[in-house]
């Protein structure tokens, strides 16, 4: 795998007499498919009605969640494997490795499952559990990596994939960041479908950008056929893909999955994009929910970003013109995220009134707070405590987690039994290693829900829907640990009193 950033290595220029060096393929759908891979491509184009009511132009959505694996990345997963087979690069029995935000991994794992390849996916921790579950069900091996790791760091999903590639015989990284099959899947497939479905009438097309293969492949074909068509790229705040560079604020994290990067992928040709629009998490998730509720489009969060960008960009179009927006993936991957009302509340993606109303419905705690639980002082460890010593404490007290604190008693992170077991079992850590090697770190740029002694038990109860325990702090110093059993004990005692 070459460095994932840098200019495109493609030397072919469209609209010249030069023959394309690329293999082109586009196969119409069969009435009875030989296998599920035949259901990749040929996705529907749907008119957007309610959400676009303020626009003069027509707005239509390319619904890529109708692909076999649920996203636009099924196209490139299939294309990369087929092209690698035909070139002789891979053969049956080989191992495929791919660093991905999830959807490309699902597309690859789907094709690998049908064709009989072993699949290893390296995946940042922020990606949804649903993606992990689907990948595992398809037979892929999953390795999670720190979300905050820079793309060129050895512990990043790209760095780990490269390391595995160097260690595993007959393994290959098909490399969505630099593989020409990525944009070609859209040049030959997605773009041709759009031109056919729209009968050659497209005035604007809006796509989000991750690796950039989708927007590059579509833009190349569209610009060849419709040179006056406006290509709009959508990039989340915190990513650096947009131009001009002044649009990009790198001192910000984002929860939208599958789009944006901290480097410029090789396959992304930004010169093909006429305009960039930046979006944030809140407006994107709210829009995704609107698309579900008002249009019946069961789409993911990045589709919300794309629609936000489309509604802004399409304001420049007039009556009789048409804007196409690409919706990249389905809600299936985010059932516990933006489809979940409580997740939206916890992350500040809904109006405060909703949260207040939700809290008022939980009258069973009668205004009680964490302080009313009368919790014992916590057992803590330092970052230099050995894994072996930590295990002894976990055994002694029957805990499954221990908070890690600094010399000044500030909370640094948490050691969990599950993470410790994973590291020891996979030999990523040994008993004499310090727990700093295996702990979850609480970083300043990560948003956490503070639990203090004044936190209401209603709020704590909601927190426990997604967490097994909470660290109670005051001024960043740990006061106690509270678990679900503490809350249950309080409820039972309260009922006995009444």
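Glycine too: its Cβ is placed from the backbone N, Cα and C atoms.
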Need one residue: from 284, 302, 303, 382, the one Swiss-Prot lists with 103, 210, 211, 212, 213, 214 for pyridoxal 5'-phosphate. 302
Here the 10 Å Cβ neighbour count for residue 212 (pyridoxal 5'-phosphate binding site) comes out at 29
Quick note, residue 302 (pyridoxal 5'-phosphate binding site): same-chain residues at least 6 apart with CB under 8 Å of its CB -> 208, 256, 257, 258, 259, 284, 328, 329
Say we define neighbours as other CB atoms within 10 Å of the CB. Which of the binding-site residues 210, 213 has the fewest? 210
Taking the centroid of the Cβ atoms of 103, 210, 211, 212, 213, 214, 302 (pyridoxal 5'-phosphate site), which other same-chain residues have Cβ within 8 Å of it? 72, 73, 104, 176, 208, 209, 215, 258, 259, 328
For residue 210 (pyridoxal 5'-phosphate binding site) and residue 73 (N6-(pyridoxal phosphate)lysine), the CA-to-CA distance in whole Å is 11
Residue 73 (N6-(pyridoxal phosphate)lysine) versus residue 211 (pyridoxal 5'-phosphate binding site) - Cα distance in angstrom: 10
Would you mind listing, in sequence order, the residues at least six apart from residue 214 (pyridoxal 5'-phosphate binding site) in the same chain with a Cβ closer than 8 Å to its Cβ? 72, 183, 186, 190, 207, 208, 326, 328
